[in-house]
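These notes concern the structure reproduced below.
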Amino acid sequence: MKRIFSLLEKTWLGAPIQFAWQKTSGNYLAVTGADYIVKIFDRHGQKRSEINLPGNCVAMDWDKDGDVLAVIAEKSSCIYLWDANTNKTSQLDNGMRDQMSFLLWSKVGSFLAVGTVKGNLLIYNHQTSRKIPVLGKHTKRITCGCWNAENLLALGGEDKMITVSNQEGDTIRQTQVRSEPSNMQFFLMKMDDRTSAAESMISVVLGKKTLFFLNLNEPDNPADLEFQQDFGNIVCYNWYGDGRIMIGFSCGHFVVISTHTGELGQEIFQARNHKDNLTSIAVSQTLNKVATCGDNCIKIQDLVDLKDMYVILNLDEENKGLGTLSWTDDGQLLALSTQRGSLHVFLTKLPILGDACSTRIAYLTSLLEVTVANPVEGELPITVSVDVEPNFVAVGLYHLAVGMNNRAWFYVLGENAVKKLKDMEYLGTVASICLHSDYAAALFEGKVQLHLIESEILDAQEERETRLFPAVDDKCRILCHALTSDFLIYGTDTGVVQYFYIEDWQFVNDYRHPVSVKKIFPDPNGTRLVFIDEKSDGFVYCPVNDATYEIPDFSPTIKGVLWENWPMDKGVFIAYDDDKVYTYVFHKDTIQGAKVILAGSTKVPFAHKPLLLYNGELTCQTQSGKVNNIYLSTHGFLSNLKDTGPDELRPMLAQNLMLKRFSDAWEMCRILNDEAAWNELARACLHHMEVEFAIRVYRRIGNVGIVMSLEQIKGIEDYNLLAGHLAMFTNDYNLAQDLYLASSCPIAALEMRRDLQHWDSALQLAKHLAPDQIPFISKEYAIQLEFAGDYVNALAHYEKGITGDNKEHDEACLAGVAQMSIRMGDIRRGVNQALKHPSRVLKRDCGAILENMKQFSEAAQLYEKGLYYDKAASVYIRSKNWAKVGDLLPHVSSPKIHLQYAKAKEADGRYKEAVVAYENAKQWQSVIRIYLDHLNNPEKAVNIVRETQSLDGAKMVARFFLQLGDYGSAIQFLVMSKCNNEAFTLAQQHNKMEIYADIIGSEDTTNEDYQSIALYFEGEKRYLQAGKFFLLCGQYSRALKHFLKCPSSEDNVAIEMAIETVGQAKDELLTNQLIDHLLGENDGMPKDAKYLFRLYMALKQYREAAQTAIIIAREEQSAGNYRNAHDVLFSMYAELKSQKIKIPSEMATNLMILHSYILVKIHVKNGDHMKGARMLIRVANNISKFPSHIVPILTSTVIECHRAGLKNSAFSFAAMLMRPEYRSKIDAKYKKKIEGMVRRPDISEIEEATTPCPFCKFLLPECELLCPGCKNSIPYCIATGRHMLKDDWTVCPHCDFPALYSELKIMLNTESTCPMCSERLNAAQLKKISDCTQYLRTEEEL
């Protein structure tokens, strides 16, 4: 909303003012204040007239058409009438001496009702000038009233009476009310069925508190509504919509109630629109909006949804409060009076007038203001003030035109300013105008006038200055027109579209349509045109080839069309109506020819008129005088694609393909990375004949075959031939054939049909295009017919296919003749043909046909002739010709035939021949049976059973051995034949259960079989075997019980089996039983701790296993078995590490000390005494962990330290050896030397080298493993025992323990295994690690 003017007359200040809009047109506004003058302004705030009054204005009103303004004033008995058409004022004497108090024009007639302070009434007919005075209508002042559509007049007065009179002044009804009435209105009452009745209901405010309803049809049954006291007084109310009342209260409340029967007074909406006060309500049915004012602001809401606040206008300068609101009937202007005596007029709805030329737009931004802008090129908008409210606007490259009726004003558009050029009158009322760079074309009354805009500047020839279309002799009316850079184009009521070429000043093209052309819309270049005919059908017309293309799904409500101005989308245009925009694309070059497609539709906001389309962005003009940009739904891909998912991208890809934006589609396919999307893009390229782009796409997805095909055709210039190839690639073969036949190479149609094996079509084409190809096509067609079972036609085509000069082809045809002859029943001809034919395959195929026809003799003859011995023998068997079968048997490979032959020989009692035939037939059961029953050769039968694993054969052999009393062999073969129950019973009866158990343990056996064996051994008190089979059948509790019962001779095996049982069972009760047994709780004899360790490992209880491992290692260490202790700790360390369980510090420390001890031997052996000495010092400092070898270790430490030059360390450990408990145990070989070291001490010492901590780079001794700087335990090198260095890191590829890369390489020169895990290792397997971060995790991180 925009304030267009304010009226601030000095004489009005300090008092409220009255005002009234001219009805219908709203061109005038009558305003009066305390100055005894009614001033009449136009809609732009210019004063047009005034009426001088003898006193203050009492009331004023416009008649229904807005032609006459009636005014009454104090101190006067005259009614003042101002005529809007003549701008003259007349006076009418009321004929009564009373002071007038009320005035109102009728809604439908020219009746004026005037009431007086004494209750008298005057009805004046302005049309006939008849006056009807009615005395005593009321006893006191008439204060309010209203007319209805039937010219009934309702009046209210200070006498608390409501009267209803007709236009003659006769009283029809009168009703007494309890308070003084005000604001009286007639309205339509809604009945139960919601149908409208006549205006028979009167609503009136009583005492400013109550809303009273009087039904003229039921005057004795009035209704009233009272409201909450805190709402204040009723200020005003308005009827709207379907029987609803909108009521404003002085305290700012705003209420909507229903008046439907049964709903009277039901509240629909309530809001406190204004905090302190509300002074007025105004409803615009045209805009469907309501305005309220108060608290120095105006609020406008939508009647459809009152919660929707359309706009809020603040008037901070009006500090004395606001007055009354009023709309013009068209809803275009809203006037507001104020308590201080000012009046403001706001523009609420503008006529949507606008035009576009290329990317420049011009649109109405106020009643007398046009804005010219170029949003695409970023030019600053230029505002042009115009002299009149325009009915039309046009913009060109350099000019702007506005106008109304038959007159137009032209302006020159400069860079930053606009200059008025001239105005021009036309011969009729202008419907529309179009601008060219030099010319303007105006359409009026069925004609178009083309004229120069600046004729004096161009120095043009006189005949080229102006021209009127159509010519005098042309009896048509022009209905629409357009100007492009080169042409004037217009459409007529006779259906002609004319192109007038401005440069040559002559017509160059015309198109005749069957019905009249209502609207035309050329594209920016004028090479294409959309027109709409009187049937509301849309077409695209191309003047270049004079072709039209119907626009599909074209809505009959379409108001206009805009072409895309973005140069890359030349064929895109939109058609719009009030609700939607439809995006169309004109595809000029497709394999199906030129066509128009509907790409999609976009919902347009209310009252938006499209002005410009650029790259999918639609610039629309709104009622508020602004422009709003919306993106078409068909161009959703122009938004950011980064966060778009595949489900949203696929519809966008389809949009791109419809719009022929292949580069954008390529990017989407790249993001989707989906072969289906790439194929869709490729097919679209083929459809649009974009061969190069299609090659690029198919190359991207690796479709080599089609890339090669497209490369071969891309240079073809014949449009139809190229389109035919592409149609074929897209599987549209009928289209491809039509295109090929229309091209310069029609034979391509025949080649395509042959490739597709469409032989019927190929034969039809060959008759005209290549008669010499008919035999070859006939043969192929015959093959297809044969396959379909049409043997008659197949035979005919085979016969047609014989050429006589093409041997290979003729042989194929003769083979077909032979087969079809047999199928048709001409067996002799077919067989003779097949026997003469050189093909073996033909003989086989004909033999098969004959065999199906039960012609066995001929079939076998052909099979044998064709060397198909299996088939021949089979047919001979069917005909019981065993002699022939026997002759063919050496050549037969089919087991089935051998079996049939074997059965025949067995029946004849020829067992040796039968057994050979059975073997050839792989019928081992029969072979075994014959060896056992007839040939008495059990050895051969047993060998065959073992080789073939025949179940039935094994049963037969088992029965055979059972008869011989060989129970072990019988059990073996019973198990082999899956007869486990029989084998078990036999083993039980003959005490052969061990054999049965051994055999069944290696078989795929059921739990029931294992349980049977376990129960047998349990009965025999063979606990180990019983436990083993209980374990196999999953009965863990019973298995454990038996293992624990085993005698001590089987103790080791039994405990191992018990551990396996508990590991599988994962049962806490069983686990505790076994632990108690291992700890000696049952028999007082604890078992070796290694079993407890294995138990915990089996249960995957790695922490408990670790504790046990530490105990075992400690025992091994105490016993002097240091390598065993090291290996136990290492294996546990590796297991815990693989399970990602934290390593106990005691385990890690013990492993490090033991490993240091092991390293001593390696370094001393290699002659590196310093490294050996340093490790011995570490071991000697933990000497309590080596109780079995304290003296030897200390002795070695003293010797190695002395050798390495660590004299002070040697002295310290020598002094320790001199203690009484150790002195006597020193080896005599070293005793004197050590005593000498103690007596003559040398405390010189080579200082230990320092190296940086890998965590914090603090320098510390190289054998120190705890950093004083960061307090971290540093990993140690498994080759030297020193702490690790960040830049010299490697790990053993087997155990993953770290080592100094340089030192481990040196060690591997003499050693072949890892010092930690003892796995084989060489220097080539080592890799230096540049980033050792993963090995430097602190304990907190772990």
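Glycine residues also receive a Cβ, built from the backbone N, Cα and C atoms like all the rest.
Residues or ranges marked as repeat 'WD 1' by Swiss-Prot: 11-51. The feature repeat 'WD 2' is assigned by Swiss-Prot to 52-92. Per Swiss-Prot, repeat 'WD 3' is recorded for 95-134. Sequence annotations record features per position, and here Swiss-Prot assigns repeat 'WD 4' to 137-175. Positions annotated as repeat 'WD 5' by Swiss-Prot: 273-311. Taken from Swiss-Prot, the feature repeat 'WD 6' covers 317-356. What Swiss-Prot records for 736-769 is repeat 'TPR 1'. Positions annotated as repeat 'TPR 2' by Swiss-Prot: 775-808. Residues or ranges marked as repeat 'TPR 3' in Swiss-Prot: 840-873. Per Swiss-Prot, repeat 'TPR 4' is recorded for 895-928. Look at Swiss-Prot and you will find 951-984 tagged as repeat 'TPR 5'. What Swiss-Prot lists as repeat 'TPR 6' is 1020-1053.
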Original post:
List, by number or range, the same-chain residues at least 6 past the repeat 'TPR 2' (775-808) whose CB is under 8 A from its CB atoms?
Top reply: 754, 757, 759-760, 762-763, 766, 814, 816-817, 819-821, 823-824
**OP:** Among 137-175, 273-311, 317-356, point out the range having the most Cβ pairs under 8 angstroms from the repeat 'WD 1' (11-51).
**Re:** 317-356
Subject >> Residue counts (helix, strand, coil, in that order) that DSSP gives for the repeat 'WD 1' (11-51) >> reply: 2 helix, 20 strand, 19 coil
Subject >> Positions whose Cβ lies under 8 angstroms from the repeat 'WD 3' (95-134), at least six residues beyond its ends >> reply: 58-64, 68, 70-72, 74-77, 79, 81, 140-149, 151, 153, 155, 157, 159, 165, 167-169
Original post:
Quick one: mean pLDDT on the repeat 'WD 5' (273-311)?
Top reply: 91
Original post:
In the same chain, who gets a Cβ under 8 Å from the repeat 'WD 4' (137-175) while lying at least 6 residues past its ends?
Top reply: 101-102, 104-109, 111, 113, 115-121, 123, 181-186, 198-200, 202, 204, 214, 216, 219, 222
